[in-house]
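Marked as ATP binding site by TrEMBL: G10, P11, T12, A13, S14, G15, K16, T17. The feature substrate binding site is assigned by TrEMBL to T12, A13, S14, G15, K16, T17. The region 'Interaction with substrate tRNA' feature in TrEMBL is assigned to 35-38. The site 'Interaction with substrate tRNA' feature in TrEMBL is assigned to T101, R124.
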Amino acid sequence: MEDNYVVILGPTASGKTALSIQLAKQTNDEIISADSMLIYKGMDIGTAKPTKEEMEGIPHHLIDIIEPDEEFSVYDYQILSQKTIREIKERGKLPIVVGGTGLYIRALTEDFTLNQIPQDEAVRKKYYEIMINKGKEYLHSLLKDKDPIAYEKLHPNDYKRVIRALEVYELSGNSIYNLQEKKHTNNNILYIGLTMDREILYKRVNDRVDIMLKQGLVDEVRALLAKGISKEANSMKGIGYKQVIEYLEGRLDYDKMVEILKRDTRRYAKRQLTWFRGMEGIYWLDITKMKKEDIITKILEKMKEKQIL
């Protein structure tokens, strides 16, 4: 069965959330999040999670679905998002997928499967001991020659995924990112990409960080740690949480923490744009050069062209 839906993508702070809500209000449809941080309950400020008031009554899916210390894979997202699309379609509504996590969007729209390489405890233990003895940076450096793709994509602090990438390479001789099989789909998808001049985007990023801090980001992180959420949890390695933890542990002063948080968020936005620029078939809109109502009109026109509306 062919699925018709819209995907609104773009870097952090590009205005995806607000635009998607306005579009859904116009078409009376529902939103599916494609954001790897919005899945966590209780992590609201650092993820720029839309509030109930901001949602304006529009149903949002795949937000607040797991606790911060629970594991959630791309495969989990793929299964849940495809199920959610079917349910929305059964209600006679159009799914509007919104987010900046490129791998989530790809898992949903391309319907790829990860060829499962079974875990080998001996191999995992070997690399874990290397990390304990020589550190995360050294462990990460081992990827440079073995799996340069994973080396570029993974941060040294994300040691669990680094170990998994090394394990997959040792067992298969392939990059974990190459072990993906794309299934043929008949989906009719309209990709809308939001963009703007780099300087404007970076200012928006910096302003967003300032707003998050005023809203109480430090207290949010402190409360999560007080609840027993480990700083090693994948959720706590997200941008915003990791830097605040370093501040709370006394490894950064406040001003330095703010500076690094803004820098890391700008770098993340740049990586997102690089990922999306590598995708085909995206209709790009510079939202700083058009009125919001004109952007909505353009999207509606494209939906009609694709026979989605």
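Start at 1 and count along the chain as shown; that gives each residue its number.
From the backbone N, Cα and C atoms, a Cβ is placed for every residue, glycine too.
Whatever TrEMBL says is automated annotation, not expert-curated.
Because the structure is a prediction, the values reported are computed rather than measured.
Taking the features listed in TrEMBL, we show where each one sits on the structure.
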residue : record                                 : contacts (Cβ under 8 Å, 6+ apart)
G10     : ATP binding site                       : K16, G100, G193, L194, T195, Q272, F276
P11     : ATP binding site                       : G100, L194, L201, Y268, A269, K270, Q272, L273, F276
T12     : ATP binding site                       : A48, G100, V205, R208, T265, Y268, A269, Q272
A13     : ATP binding site                       : A48, L201, R204, V205, D207, R208, T265, A269
S14     : ATP binding site                       : G100, L194, T195, M196, L201, R204, A269, I287
G15     : ATP binding site                       : L194, I287
T17     : ATP binding site                       : A48, P50, E54, V98
T101    : site 'Interaction with substrate tRNA' : A34, D35, S36
R124    : site 'Interaction with substrate tRNA' : I163, R164, E167
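In sequence order, G10, P11, A18, A48, G100, L194, R204 are the same-chain residues whose CB sits within 8 A of the CB centroid of T12, A13, S14, G15, K16, T17, the residues recorded for substrate being left out. Within 8 Å of the centroid defined by the CB atoms of G10, P11, T12, A13, S14, G15, K16, T17, the record's ATP site, lie the Cβ atoms of G100, L194, excluding the listed residues themselves. S14 (ATP binding site) carries neither a helix nor a strand DSSP state and counts as coil. DSSP classifies T101 (site 'Interaction with substrate tRNA') as coil under the three-state reduction.
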